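S.K.: Copying in the features that Swiss-Prot gives for the protein in this structure:
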type	residues	note
DOMAIN	4-202	domain 'Glutamine amidotransferase type-1'
ACT_SITE	CYS81	active site, nucleophile
ACT_SITE	HIS176	active site
ACT_SITE	GLU178	active site
DOMAIN	203-395	domain 'GMPS ATP-PPase'
BINDING	SER230, GLY231, GLY232, VAL233, ASP234, SER235, SER236	ATP binding site
Amino acid sequence: MHDKILILDFGSQVTQLIARRIREAHVLSEIHPHDVSDEFIRDFKPTGIILSGGPNSVTETDTPRAPQAVFEAGVPVLGICYGMQTMAEQLGGKVDSGHLREFGYAEVRARNHTSFLDGIQDFATPEGHGMLKVWMSHGDKVLEMPQGFQLMASTESCPIAAMADETRHFYGVQWHPEVTHTVQGRAMLERFVLKICGAKPDWEMGNYIDEAVENIRKQVGDEHVILGLSGGVDSSVAAALLHRAIGDQLTCVFVDHGLLRLNEAEQVMSMFADNLGVKVIHVDASEAFMSKLKGVTDPEAKRKIIGAEFVEVFQTEAGKLTDAKWLAQGTIYPDVIESAGKGKKAAHTIKSHHNVGGLPETLNLKLLEPLRELFKDEVRELGVKLGLPPSMVYRHPFPGPGLGVRILGEVKREYADLLRRADAIFIESLRTFIDKDTDKSWYDLTSQAFAVFLPVKSVGVMGDGRTYEYVVALRAVQTLDFMTAHWAHLPHDLLGHVSNRIINEVRGINRVVYDISGKPPATIEWE
């Protein structure tokens with residue numbers, strides 16, 4: 001049984017980073033809504049509790065508060081930003097709406113000697129005071145600390161920037177240790193989790209595989225499982241894990257909608273059916289998808305059609321497997337957090353061809369989500385340990401509707417054939433061109449790269465003749481979180497090489513352009 005850190009989410013945009021930083025310290029952490037019941041907290045048996053930041057003001061009525069059981073659980077508690085403010089208010093301190101807000105970098109002076117900050121600093125003043133470079137994002141501030149607390153840190157505009165009750169092991173910080181801008185943030189969280197809470201750092205992917213396999217076998221027994229295999233990272237890793245656990249009790253359904261990358265269907269079948277021995281039903285539904293997409297130009301309409309058609313095809317195939325009792329999905333932890341914590345998922349339309357939401361009710365199948373505790377980077381690590389090739393596990397994101405949203409306007413088979421060949425040349429070139437400064441390929445240096453088919457023709461000259469052919473745009477971005485992105489400054493010789501190959505090798509394209517738009521104002525995908 002692993003030690004667990006309970007994170008209560010008050011709505012911060014960076015709450016997931018808290019969990020990730022703690023897991024990087026090899027301690028299991030889970031995020032749950034701030035309004036969980038006292039009974040839930042007792043049953044969870046946390047080794048420590050963290051209260052996240054949030055957009056609300058403690059000074060207003062009807063804003064969130066922590067369950068009273070948090071402060072009665074007998075375990076260390078860390079309040080971050082709003083979490084510190086609600087801790088102060090609930091334990092008898094005073095919070096006020098600050099007239100001088102703090103957003104961005106700040107230098108914090110450590111005060112007194114506390115177990116939370118002792119020995120942690122970025123630099124010292126000539127007087128010997130320990131200083132920290134942190135990231136602030138708050139308007140409210142604590143005016144009076146609750147009884148039993150001592151001052152832990154301060155800034156010029158925020159006299160109580162951190163507080164500590166060493167007896168009860170309650171700590172509050174006004175800054176965000178989970179973001180990389182707080183230089184010593186990782187050290188602070190590790191100090192709290194490993195030293196103050198005393199959590200054992202035993203959250204390892206190797207151990208996770210053994211535990212997951214055991215749990216899957218207990219849950220499934222001798223019953224059969226069906227999984228929609230898209231070729232994406234999540235469903236691929238889920239298939240590999242399930243196959244290790246239950247072998248031939250797993251059947252995967254791979255739906256080819258005709259909008260996959262070059263040779264992708266063959267690669268998926270080779271990897272899972274031939275190399276791993278997974279039972280895979282390959283359904284070539286490209287004609288049905290193309291028929292439904294004929295004449296449709298609106299991007300969201302295309303997404304909905306592709307999603308609905310996938311559900312229909314998958315439902316038909318699943319209905320033939322009369323012995324299947326479970327439906328497996330590649331749901332990962334961020335999906336679980338959004339669904340449980342903010343209710344966002346319920347409002348989302350189908351965005352990918354492998355989203356099979358609603359099928360459990362339709363098919364009367366029990367739901368199995370073997371990856372629901374893992375973040376994306378953990379899923380990738382798991383995939384490698386399960387024997388999937390890194391080239392598959394670490395490849396760039398690919399939209400669920402596939403090339404359907406990389407072909408502007410109406411989707412035609414001719415357009416898809418041209419695009420997948422151009423895209424393959426671009427990706428192959430990114431993999432082979434090495435940056436001399438980093439000794440990494442440009443594929444590894446970009447977060448996402450792809451070609452886009454533009455349904456317009458331009459005049460060109462090839463040989464002694466005039467051409468009138470289609471245009472392809474290349475897109476490559478660099479990003480940490482895909483919320484914002486910079487266009488990648490690819491070397492000119494690389495772009496020239498790609499353009500030359502596409503124009504010479506893909507008949508029907510005579511012009512290649514490069515997209516230099518950032519996000520915002522543009523999105524990463526064109527549709």
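Glycine is treated like the rest: Cβ placed from N, Cα and C.
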S.K.: Please report the three-state DSSP label of SER230 (ATP binding site).
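M.R.: Where SER230 (ATP binding site) sits, the three-state DSSP reduction gives coil.
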S.K.: Give, as a single whole number between 0 and 100, the mean pLDDT over the domain 'Glutamine amidotransferase type-1' (4-202).
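M.R.: That region's mean pLDDT is 91.
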S.K.: Going by C-alpha distance, which of the active-site residues CYS81, HIS176, GLU178 is nearest to GLY231 (ATP binding site)?
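M.R.: Result for GLY231 (ATP binding site): the nearest of the active-site residues is GLU178.
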S.K.: Out of CYS81, HIS176, GLU178, point to the one nearest VAL233 (ATP binding site) in space (Cα versus Cα); all of them are active-site residues in the record.
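M.R.: Closest recorded candidate to VAL233 (ATP binding site) by Cα: GLU178.
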S.K.: Which ones in the same chain are close to ASP234 (ATP binding site), with CB under 8 Å and 6+ residues apart in sequence?
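M.R.: Correct list: GLY330, THR331, ILE332, LEU371, VAL379.
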S.K.: Among all protein chains shown, how many Cβ atoms are found within 10 Å of the Cβ of SER236 (ATP binding site), not counting that one?
M.R.: 24
S.K.: Would you find the one among the binding-site residues SER230, SER235 whose Cβ has the most company, meaning other Cβ atoms within 10 Å?
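M.R.: Result for the most crowded candidate: SER230.
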S.K.: Using C-alpha atoms, which one of the active-site residues CYS81, HIS176, GLU178 comes nearest to SER235 (ATP binding site)?
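M.R.: Nearest listed residue in space: GLU178.
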S.K.: Using all protein chains in view, find how many other C-beta atoms are within 10 Å of the C-beta of HIS176 (active site).
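M.R.: Around HIS176 (active site), other Cβ atoms within 10 Å: 23.
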S.K.: According to DSSP, which kind of secondary structure is SER236 (ATP binding site) found in, if we only use helix, strand and coil?
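M.R.: Looking at the DSSP assignment, SER236 (ATP binding site) belongs to a helix.
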